[in-house]
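Notes follow once the structure below has been shown.
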């Protein structure tokens with residue numbers, strides 16, 4: 001009641017000062033000083049929202065929850081990561097596509113299991129119910145079905161949106177990039193799947209994030225395991241979602257959720273617990289094929305045979321040192337039908353990055369990075385969109401760019417190395433006054449020759465200011481013009497790092513800049 005009165009009082013006090021509000025409240029009987037202070041705070045907040053004394057609206061300057069801005073230094077690091085990933089995708093023969101940032105709601109509904117609640121729905125737009133894309137895989141499947149494409153190797157880098165609880169120190173956001181590589185088409189077993197794992201290995205090795213492991217499993221093995229452990233058919237997907245939490249929760253908590261929340265028997269949960277603790281390689285697949293329970297499931301046996309075949313290809317690709325067959329890997333998305341995989345930094349690898357980046361940062365926040373890549377086979381997804389139900393087998397991987405970027409940013413902060421935010425090769429400078437036109441002529445020559453160059457936007461800048469700008473920006477070379485240089489037809493080329501200066505014939509300047517910057 002008191003709060004309602006305060007709002008009425010405040011709204012009727014146009015032109016009065018806040019002190020008047022306080023006196024009005026104080027004149028009311030039975031109101032304590034603490035209550036007055038509380039109501040004044042509310043009024044001040046309301047005043048800030050309505051605007052100050054000058055009537056101007058006061059903006060709240062912040063980004064939306066789960067989003068962030070990127071400054072030039074962060075974007076330079078990000079571009080380097082993107083370039084590494086894209087060059088790998090292209091090295092493996094991928095072409096790129098793009099799809100709309102929003103899709104029809106029915107396109108996305110029912111594809112993500114328990115995570116469907118994280119989809120951002122948009123308001124009705126002229127009769128169309130739309131949602132922001134949750135990932136790039138479902139739009140890709142829609143694209144294949146709509147365009148009747150049965151064979152493509154594509155990569156797609158774009159933003160996706162999830163109404164998640166953000167943990168921004170761990171690279172977890174509501175708006176973030178995904179970097180996807182997928183192979184669609186009818187091919188012999190496990191060859192495309194093995195190449196996807198090879199790509200993950202190449203990218204993580206090239207980015208030098210620290211030691212990592214790529215965990216692999218198969219949905220058919222999981223389903224077969226659930227069946228032989230006594231899980232009812234209608235609980236497969238929900239139990240799979242619970243097993244998927246093993247990387248975040250101890251087994252005791254996972255078992256409790258299975259039994260108490262999902263209604264699974266303790267006996268079935270204990271049997272699942274025995275299997276999900278197993279890790280190995282081809283030898284584990286061979287052992288499970290002989291297991292008296294697992295061997296009863298045709299589905300599990302098919303998955304185990306493919307795991308054996310996968311490891312034989314991985315040996316040829318020379319990546320088995322980082323790959324482990326892990327029965328606890330589940331991946332909660334509903335559309336996976338076969339092989340699944342996830343790349344994680346090992347504790348040793350994360351700790352190495354964390355130790356570099358301490359400098360006041362919270363150790364646990366630095367360590368808890370989570371998976372940095374994941375994917376699998378989804379042979380039935382395209383068929384969901386095709387009018388005739390025609391299936392296009394697909395396998396792919398998504399690189400966790402935001403988490404990788406968080407690590408790279410930590411490493412950059414810890415390193416003394418300066419991150420360049422531009423690619424300028426040379427600064428065109430003058431040593432004397434009244435040479436603006438000559439500087440502009442020379443910088444134009446360099447631009448026309450494809451040289452990355454810049455000039456200071458002043459008529460008569462001091463030479464010292466121009467040289468300091470180069471040192472601060474990391475520009476390696478300075479082309480200095482003076483009256484004598486103009487008479488002689490030369491340019492004084494200065495190497496910023498060593499302060500070496502040499503006269504170069506103007507006709508040879510572009511080739512000399514190229515030579516020196518390519519060597520650097």
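Yeah, the Cβs are placed from backbone N, Cα and C, and that goes for glycine too.
The L-histidine binding site annotation in TrEMBL covers 135, 136, 137, 162, 178, 182, 331, 335, 336. Per TrEMBL, the feature domain 'Aminoacyl-transfer RNA synthetases class-II family profile' maps to 37-408.
The binding residues for L-histidine are recorded as 135, 136, 137, 162, 178, 182, 331, 335, 336; their greatest pairwise CA distance is 21 Å.
Neighbour counts were taken as the number of other C-beta atoms within 10 angstroms of each residue's C-beta; across the binding-site residues 137, 178, the minimum falls on 178. Using a 10 Å radius centred on the Cβ of residue 336 (L-histidine binding site) and all shown protein chains, the other Cβ atoms total 25. Its Cβ placed at the centre, residue 331 (L-histidine binding site) has 21 other Cβ atoms within 10 Å.
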